[in-house]
Amino acid sequence: MPDRDNISRGLLVLLFVCFTAVWFGTLDYRKLIGPDEGRYAEIPREMVASGDWTTPRLNNLKYFEKPPLQYWATAAAFEVFGEHDWVPRLWPALTGYLSILLAGFAALRLFGGRSALLSMLVLGSAFWHNLIGHIATLDMGTSFFLQLALTGVLFANAQDTQENRRRPWMLVTWAALALAMLSKGLIGLVLPGATLVAYSLITRDWKPWRRLEILRGLPLFLVIAVPWFVSVSLANPEFPRFFFWHEHVERFLTKVHRRYQPDWYFIPILLIGFLPWSLAVVQSWFANLFGRPGREDGSRIFHSFQPGNFQPRRLLALWSLVIFAFFSLSSSKLPSYILPIFPALAILAGDTLANISRRALLLHLLVATALAAAALALLPQAAHLNTVNAPADLVPRYVRWLTVAAALWLAAGVAALWQTLRHRPLGAVLTLAMGTFLSGNIALLGHDILGRSYSAYDLAKDIRPLVQAETPFYSVGMYEQTLPYYLDRFVTLVDFKDELAFGIGQEPDKWLPSQEAFIARWKQDRDAFAVMEPGTYEQLQGKLPMAVVARDHDRVIVRKPQ
């Protein structure tokens, strides 16, 4: 991309401020939805309520599926800011935002200023990074600390790094690995280690191993990561086997979590998730995996690699490949698992966009604009779709939001094409990036129309004044993840375990195993509430005295008549 256009520093600062305002300013617009947002809001709420920050609990049951770093961050934010819907999203938003800045910093240090700006634009506007950065889930924090560890390795091994600067960057890596382990478990060590092995075997570059600073780095890692694992194991002797065996070995090798996605599951997620830059990402990834000398109109897009020399582009490409392959081979797959490859691929794509010709850039922009036009043309048909968990009348309302988002994406694409034809390639990328970033946020904000169907907010709002702290509240044949959070209390599970099976096994007195046990308990209670699906309500209607106090299309809340 020849440097024929200049963007004023003042304009860049203004756009950066606007980007930041939109990134953080939209966190409170949507209500929390299940399952993830309800779960990762409720566990920190219970930490604050109980004062026990060692043993994670969900619905007052031991919950050992993940380490506590994000729970701690959210619980601390609850203590400072109070219980608001934006607080559980603050940690993903903050780490996602820092991830964009870190990608720019790494690209600046390795490849120059233009690559840095373009890397930030690619990552900041990538649909999946934007989306996960605004949802309360654990993957963004994990991705950031893995990215920080990778950045430390890149800087410690860069050829122009002074010798006295290599050690501090490797210590940053060790600290980041510890925080990644406290975010998601052993993948914080396994994925970086596997990547470094693959890199050295392929490039015959063994110097990174001599620069690991194990004698200083390993103690730092242990000091940060180990204390919680020791303390939680001492308080809960059942923790080590469940966490390390069930949640790591069995999750990877078996279908214990009942996920049956095919091996190619992450390919469409990657392509859709990197819109509007998918073509640039794929091109840059393959070019740096299978590097060879080559030029296009005088611009180097394929880089030659010399065995034995440090190759940052190859390391970024292999990092992405190892993580992508690891989760593709895993027996447990969720869409957000491949998020850690996004920063590395964004840096490669930004570097590619900084060096491609105007004709190649036009091709990338044409593809992105054509996809926007196709989405805009197909959306009217989507208005007639029915979803399992949302009333049919909500879908057309959300489609209107999506139509506005697609129209903005299309307009940004057309404007970017025009700027490219006017020899303003940097302005073109900036226009498309900001346009698609806003487009993605419009689509996300509009999802609250459907999201209310996945949230207990409206139900809880109606009944919360009626429910006293000592009043029994049962959840019959289901567990609505956001209900305890919005009610600010636990519910007693009836004939339902799912992910709480381990906690129930440890404290079986906290649940009821059957509807018969529930019926007997209900008859004994002076006052009680219960939530259930409409079908369950119809089954129990003739067996129990119940008065409906709130309901929606797939949940009914009843109270024992007074």
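Each residue, glycine too, has its Cβ placed from N, Cα and C.
TrEMBL entries are annotated by machine, without manual review.
Residues or ranges marked as transmembrane segment in TrEMBL: 7-26, 90-111, 176-202, 214-235, 265-291, 312-331, 337-354, 361-379, 399-418, 425-445. According to TrEMBL, the feature domain 'ArnT-like N-terminal' maps to 13-237. The annotation domain 'Aminoarabinose transferase C-terminal' is assigned in TrEMBL to 459-560.
Of the recorded ranges 7-26, 265-291, 337-354, 361-379, the transmembrane segment (425-445) has the largest number of C-beta contacts under 8 angstroms with 7-26. Per-stretch counts of Cβ pairs under 8 Å to the transmembrane segment (337-354) identify 265-291 as the leading one among 7-26, 90-111, 176-202, 214-235, 265-291. Within the same chain, the transmembrane segment (361-379) stays apart from the transmembrane segment (90-111): fewer than three Cβ pairs sit under 8 Å, each pair at least 6 residues apart. Note: the domain 'Aminoarabinose transferase C-terminal' (459-560) comprises 42 helix, 22 strand, 38 coil (DSSP; helix = H, G, I, strand = E, B). Proximity of distant same-chain residues to the transmembrane segment (176-202), defined by a Cβ-Cβ separation under 8 Å and at least 6 residues beyond the stretch ends, is recorded for 66-70, 138-139, 141-142, 145-146, 148-150, 152-153, 208-209, 220-225, 228, 243-244, 247-248, 311, 314-315, 318-319, 321-323, 326, 340.
Below 8 A, the CB atoms of the transmembrane segment (90-111) and the transmembrane segment (214-235) form no more than two pairs separated by six or more positions in the chain, fewer than 3 in all. The list of residues near the transmembrane segment (214-235) in space but at least 6 beyond its ends in sequence, with Cβ under 8 angstroms from a Cβ of it, reads 54-55, 64, 67-68, 167, 170-171, 173-175, 177-179, 181-182. On the 0 to 100 pLDDT scale, the domain 'ArnT-like N-terminal' (13-237) averages 96 in the predicted structure.
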